[in-house]
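Here the structure is laid out as structure tokens; the discussion comes afterwards.
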Amino acid sequence: MRFSRDLDCHVCENCYIQYRNLQEIYHNISDQVGPTNVSCKDSLLRSDRLMLVFVLFDNLRDIWILSGCDRCVAEGLHSLTNDTLYYMAALNQSLSCFEKHQQQGNHSELCKDCKTTYKGLNELYSRMEKNKTLCIDIEDAMNMTRRLWSKNFNCSFPREETVPVIAVSSFMLFLPIIFYLSSFLHSEQKKRKLIHPKRAKSNNSLINIQDKYS
Amino acid sequence: MANITKKVSWSSRGDDPAQGEGTPLLNGATEAARCTTRQFSGGNIFRIGRMSTVDLEEETNTEEDSVLSRPKEIPHNEKLLSLKYESLDYDNSENQLFLEEERRMSYMGFRCLEISRWVVCGLIGFLTGLIACFIDIVVENLAGVKYQVVKQNIEKFTEVGGLSISLILWAVLNSVFVMMGSVMVAFFEPIAAGSGIPQIKCYLNGVKIPRVVRLKTLVVKVFGVICSVAGGLAVGKEGPMIHSGAVVAAGVSQGRSTSLKKDFKIFEYFRRDTEKRDFVSAGAAAGVSAAFGAPVGGVLFSLEEGASFWNQMLTWRIFFASMMSTFTLNFFLSIYHGKTGDLSNPGLINFGRFESDSVEYNLYEIPIFIVMGALGGVLGALFNVLNYWLTIFRIRYVHRPCLQVMEAMLVAAVTATVSFAMIYFSNDCQPLGEDQAEEYPLQLFCADGEYNSMASAFFNTPERSVRSLFHNPPGSYNPLTLGVFTLSYFFLACWTYGLTVSAGVFIPSMLIGAAWGRLFGILLSTISSSTATWPDPGKYALIGAAAQLGGIVRMTLSLTVIMVEATGNVTYGLPIMLVLMTAKIVGDYFIEGLYDVHIKLQSVPFLHWEAPATSHSLTAREVMSSPVTSFNRIEKVGTIVDILSNTTTNHNGFPVVNELIDHNELGKICGLILRSQLIVLLKHKVFVERARSRLNQRKLQLKDFRDAYPRFPPIQSIHVSQDERECMMDLTEFMNPTPYTVPQETSLPRVFKLFRALGLRHLVVVDNENRVVGLVTRKDLARYHLGKHGLEEMQLAQT
């Protein structure tokens with residue numbers, strides 16, 4: 001099975017030339033006034049209620065901004081940045097490594113051999129994330145690779161040391177029980193001395209109360 | 001309000017009889033023969049209804065004498081009243097000195113006083129906001145460092161194995177932080193333990209809790225709460241803000257620091273309990289406002305707790321203090337975050353904005369909310385019951401400071417263990433969304449690009465977890481994860497409250513409620529699979545949080561407003577109010593609110609709003625203490641010194657009567673004088689014989705009394721020579737010539753209402769000829785409460 005990148009998102013890579021053209025043309029719409037005293041701009045962009053031309057351009061620009069393609073494509077939109085090209089090279093390396101070991105049914109070989117290249121790729125990706133030089137192409141490619149690595153090839157770390165963790169946890173949980181038992185058995189219980197305050201002899205009101213309750 | 005020498009404490013660490021002088025008993029063994037007590041029942045509860053079977057007139061016979069001579073000792077329970085709590089001197093002593101001062105003050109003087117009250121309230125708000133800011137910043141940094149270290153350790157060991165080392169590291173870090181906080185509290189200032197809200201509730205009720213508003217308490221509290229939260233305990237930092245605000249208020253309003261021995265010579269008029277208590281309510285409101293970003297909620301909190309002395313100007317000033325507090329906090333936090341003037345952090349807890357369109361609720365959801373409220377009430381009652389038994393155990397058996405510190409450390413270690421175990425064994429992995437700002441996402445055994453979602457609940461400060469539960473989109477939490485989290489956190493929080501650390505219970509209970517609320521919302525959406533969007537789990541998390549909090553603390557009005565203000569959406573006012581009311585009604589059926597439980601366990605003579613029902617049959621005569629120790633108008637110094645030094649009776653107020661010819665007669669009341677006033681008089685040696693020589697010297701002014709306030713020297717430190725003992729002292733100028741009195745036949749509710757509404761400390765009971773027959777104090781009134789079998793009486797004990 002070849003690991004093609006056909007299913008990835010390639011917006012920035014494939015479309016930057018066309019987007020550059022679109023931007024140039026749009027910004028060239030002149031402000032000059034024509035014969036009917038209406039400017040070019042108004043007659044093109046505001047000709048109908050929907051303002052279709054304007055809305056479409058606006059949406060395309062939003063998609064460009066959201067996908068972050070500005071970070072992958074160099075100034076002036078003439079070519080991809082060096083970082084992006086370097087990343088693509090590293091990605092191709094990893095994919096070819098996967099392909100080489102793909103034939104065997106058991107993936108343990110793959111996990112061992114391709115580990116360094118994959119780790120390098122991951123670290124490159126984290127660095128780019130911190131520098132904020134990521135765009136949707138790179139993110140999507142990375143996502144796919146990661147899914148391959150973890151889900152298809154099952155190369156992520158298995159849970160090995162359940163036993164020591166359980167042992168330490170049970171020990172920690174046992175400590176408070178010992179603590180409370182020992183304080184119950186060894187500490188002397190706090191007792192309170194009762195005080196009897198001075199009260200008046202109420203002889204005449206005794207009759208009232210007894211009447212109420214008899 | 002004399003502070004006597006012995007060190008009294010709020011915590012279970014009472015006075016050991018071995019240290020210091022003998023603790024005073026109120027009419028203990030020696031005077032047993034003279035008193036006619038009414039009850040000798042073996043149990044702790046005395047039924048008033050059965051009074052008819054006890055003959056009140058009989059003399060004590062010898063067997064009962066011997067029983068009385070040994071004071072009875074019982075294990076601590078909740079039906080006791082402690083002797084160490086006195087009332088505040090809220091009622092003003094209008095003696096001649098005071099009246100002279102009032103006459104001398106001009107109209108401008110009164111205006112200046114009003115203005116200075118406003119200035120003080122502003123200062124209180126400002127300083128409280130600064131303290132909240134400080135706590136927030138330090139906790140953020142400390143907790144950040146800790147989580148960073150643990151996270152790196154976990155990531156390192158996930159690959160190579162040895163995760164149990166990470167567990168041990170986490171537990172040790174937690175224990176170290178908590179040990180520092182706990183040591184400060186247990187050894188230096190035990191009153192700073194807990195959240196501080198019960199203590200402030202009692203203070204606003206008029207009980208003088210020793211050491212509760214001192215500078216040392218504030219320092220220990222701030223340091224303690226920082227250590228507790230950074231130590232990962234299941235606690236919040238909002239409750240201690242209220243206590244801190246109160247301390248700031250008590251300190252700033254006096255214009256001096258007794259601990260630091262600096263007197264700024266301002267605000268001298270405010271050096272009395274009357275003014276101090278008013279300012280403390282402003283401070284408590286400022287604390288609430290800084291904690292939650294809810295100024296009106298703060299005002300209502302003070303109102304709910306101490307409304308007996310309310311008036312409009314006070315409300316206005318308290319509101320001003322609250323507003324200053326939240327504004328200061330907001331401003332300085334925005335400077336710290338680099339966005340000066342952003343003003344988006346009005347409180348320590350930030351629930352995030354609930355956008356109006358996404359959080360609508362429909363009318364048919366109201367019954368569901370009410371069911372959630374009932375559930376919150378039941379769970380809250382369960383929490384309170386468990387905490388009650390745990391606290392009784394702690395008071396009885398874990399009362400040495402080293403044991404308390406050890407217990408706190410153990411709880412911290414177990415909290416870390418439980419969190420780690422939950423994270424370790426959880427298989428729930430979620431990808432990290434863009435809007436979910438997890439600060440320390442833990443990948444552990446998840447696929448790359450995904451993170452352990454149990455870690456997002458446990459590996460975070462509780463405030464952030466609450467915020468995630470409110471605002472994360474549907475589908476971010478697995479029901480099993482939430483269920484396990486709720487269960488474990490419930491028991492952890494219940495175990496943690498009551499430890500000797502400074503910690504609050506607001507945020508843990510909100511977190512528990514948010515978790516099961518969200519679970520409820522998820523279950524609802526799976527049941528009603530018609531439209532996937534109507535039960536937004538975040539909304540149910542909010543309702544669940546309110547229900548659980550209401551079920552635990554049982555505050556209604558102030559809590560509603562606090563939640564409405566904290567979520568920034570008045571739309572939720574009605575559901576939250578219904579939920580809180582339901583939770584309170586359901587929960588009150590089982591047990592009281594958490595703070596009330598702790599107040600009872602500390603044996604504080606707390607006066608509720610009204611006297612218990614069915615108590616009209618009791619009159620002032622049964623309630624009062626009698627006979628009363630009183631002084632003549634011109635009394636011999638030796639008598640005064642002897643009575644004050646008498647350790648068997650710890651009286652603080654003495655009626656002043658006309659000259660008695662026959663000592664068995666009762667005297668006619670002409671005034672009331674306090675122990676603190678007598679001590680100042682003795683210290684300045686204001687004797688009649690010295691009057692002539694004192695004409696050259698200065699006469700005693702009100703200022704001298706105010707300078708000695710609040711820590712009056714004990715009688716043992718006043719030295720009176722033999723000659724001076726024969727001198728006479730004229731109390732006429734210094735006594736309160738118009739004390740409040742009630743006739744003997746006044747019913748208990750009427751006495752109660754007078755006492756509570758005016759904030760009295762002593763109420764003199766007179767007969768129809770105006771002769772003093774008895775004295776009613778707080779302990780006499782607080783004894784009565786309505787139990788399961790009718791009116792019951794609590795007993796006094798030495799704690």
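Placement of Cβ uses the backbone N, Cα and C atoms for every residue, glycine included.
Caution: TrEMBL annotation is automatic and unverified by curators.
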- Note on the structure: Per TrEMBL, the region 'Disordered' among B:1-28, B:337-364, B:645-672 spans residues B:1-28
- For the domain 'CBS' (B:735-793), what is the mean per-residue pLDDT, to the nearest integer? 89
- Range from B:218-236, B:279-302, B:489-519 with the greatest count of C-beta pairs under 8 A to the transmembrane segment (B:118-139): B:279-302
- Contact count check, CB pairs under 8 angstroms to the transmembrane segment (B:218-236), set B:167-188, B:279-302, B:540-564; argmax is B:167-188
- Taking a Cβ cut-off under 8 Å, which residues six or more beyond the ends of the transmembrane segment (B:167-188) line up next to it in the same chain? 11, 142, 146, 149-150, 153, 216, 220, 223-228, 230-233, 401-402, 404-405, 408-409, 411-413, 415-417, 419-420, 499-502
- Query: How many of the residues that make up the domain 'CBS' (B:735-793) does DSSP mark as helix, as strand and as coil?
  - Reply: 16 helix, 23 strand, 20 coil
- Task: Quickly jot the same-chain residues contacting the transmembrane segment (B:314-336) by Cβ under 8 Å, restricted to those at least six beyond its ends, or write none.
- Result: 117-118, 121-122, 124-126, 128-130, 132-133, 136-137, 245, 249, 278, 281-283, 285-290, 293-296, 298-299, 302-303, 342-348
- How about the transmembrane segment (B:402-425) and the transmembrane segment (B:489-519): do they have 3 or more C-beta pairs under 8 A, pairs 6 or more apart in sequence? yes
- Message: Below 8 Å between Cβ atoms, which of the listed ranges B:279-302, B:366-390, B:489-519, B:540-564 makes the most pairs with the transmembrane segment (B:570-591)?
- Response: B:366-390
- Task: Could you give the residue numbers and ranges of same-chain residues that sit at least 6 residues beyond the transmembrane segment (B:279-302) on either side and whose C-beta is under 8 angstroms from one of its C-beta atoms?
- Result: 120-121, 124-125, 128-129, 131-132, 200, 203-204, 213, 237-239, 241-250, 252-253, 270, 314-315, 317-319, 321-326, 328-330, 345-350, 506, 555, 557-559, 561-562, 565-566
